[in-house]
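Enquirer: If you look up TrEMBL, you'll see 1-18 marked as signal peptide. What TrEMBL records for 70-400 is domain 'Peptidase A1'. Annotation comment: TrEMBL describes D88, D286 as active site.
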Amino acid sequence: MKTLILCLVFLFTSQAHGSTLQVFPVWREDDMLSMLGKDQARLQYLSSLVAKKSVVPVASGRQLVQSPTYIVRVRIGTPPQTMLMAMDTSNDAAWIPCHGCHGCSSKVFNTAKSTTFTTLGCHAPQCKQVQNPSCGGSACVFNMTYGSSSIAANLSQDTITLAADPIPNYIFGCLQKTTGSSVPQQGLMGLGRGPLSLVSQTQNLYKSTFSYCLPSFRSPRFSGSLRLGPTGQPLRIKYTPLLKNPRRPSLYFVSLVGIRVGRRVVDIPPKALAFNPSTGAGTIFDSGTVFTRLVEPAYVAVRNEFRRRVKVANVTSLGGFDTCYTVPIVAPTITFMFAGMNVTLPQENLLIHSTAGSITCLAMASAPDNVNSVLNVIANMQQQNHRVLFDVPNSRLGVARERCT
């Protein structure tokens with residue numbers, strides 16, 4: 001073991017009222033460098049306490065819970081109970097199937113086993129921030145629809161843990177009843193822009209900033225990631241402004257200005273892409289929708305140019321997909337042209353194959369033709385293997401190619 005040699009140098013200095021003895025340590029060079037290295041490591045550790053990375057693994061729910069959504073592991077309560085919750089950028093309040101829920105799956109959160117669980121009453125200010133609140137006894141109850149399903153939940157509070165970060169007093173819905181088949185089996189984590197979303201409830205911790213990389217829906221592993229907070233986000237990434245739409249305040253709107261198929265910018269009526277705060281029309285990024293939907297004039301223009309470039313005469317359909325082929329094809333790229341940013345999609349983000357592999361379809365469709373659905377939705381299949389960054393404080397959304405499958 002190396003012995004530390006410390007020499008003392010004495011220096012007398014004369015002052016008006018006497019002499020002062022000063023002592024200076026003299027370090028051996030290799031020991032001094034060793035201590036410097038340890039200091040550097042210590043400073044890095046202290047820095048990490050202030051600005052550590054919070055990364056939550058993400059997986060395709062299709063393989064693990066037979067759901068088309070993407071899921072994250074969330075620990076709830078004290079002691080913690082683990083749930084595989086769907087992450088959804090277009091919803092705010094989280095909700096979890098609780099013990100005694102009618103219509104929920106067998107995997108539920110047992111509130112009686114958590115020492116930190118509480119139910120919020122009707123007079124809690126958050127009761128005014130949920131959809132269709134009412135009083136069920138003393139509890140604040142809210143009802144909402146999700147896809148073709150409906151839920152009823154008690155507004156509740158408990159500690160949740162994402163990555164290694166415990167978040168006390170997190171407010172969520174404790175499901176009491178569900179109908180329909182589109183409710184995620186183990187709950188939903190809302191990443192929208194509303195007051196009860198994860199983004200809002202953790203704004204002091206994560207600064208309303210997050211990103212994700214979604215793996216292929218075929219991947220059985222937690223190979224994707226949800227990064228929370230500004231630390232560790234990509235530096236080389238292009239951005240487009242985030243827009244606010246008061247008609248749909250929870251959604252992440254962006255300005256889609258054009259679409260290119262191969263090298264050709266297709267002819268789309270401006271109204272089909274226009275952002276309209278008075279009607280709620282525009283384009284959003286959404287992690288919960290599976291296949292991109294474009295309003296009909298935009299979709300028809302893209303589809304027709306796609307067919308023209310594929311150059312296969314026999315076009316068939318499969319379910320809701322109207323551009324399918326029974327022979328191998330080479331698909332052109334499709335580029336979404338946003339204000340300040342282009343996102344070019346390769347074949348893996350554009351084509352869906354039947355289970356038998358005999359049919360290949362363009363993985364996009366026309367949006368439903370009604371007043372409440374005038375939205376272009378950039379969906380999760382088109383986002384796979386990209387880092388999508390939501391920087392709410394700076395009102396911008398970034399996209400960069402990143403393989404996470």
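Backbone N, Cα and C atoms are what each Cβ position is placed from, and that goes for glycine too.
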Enquirer: D286 (active site) has how many other Cβ neighbours within 10 Å of its own Cβ?
Expert: 21
Enquirer: Between D286 (active site) and D88 (active site), find the distance joining the two CA atoms and give it rounded to the nearest Å.
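Expert: Cα of D286 (active site) to Cα of D88 (active site) measures 7 Å after rounding.
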Enquirer: For a quick check of packing: other C-beta atoms within 10 Å of the C-beta of D88 (active site), how many?
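Expert: For D88 (active site), the count of other Cβ atoms within 10 Å is 23.
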Enquirer: What is the average pLDDT across the domain 'Peptidase A1' (70-400)?
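Expert: When the pLDDT values over the domain 'Peptidase A1' (70-400) are averaged, the result is 95.
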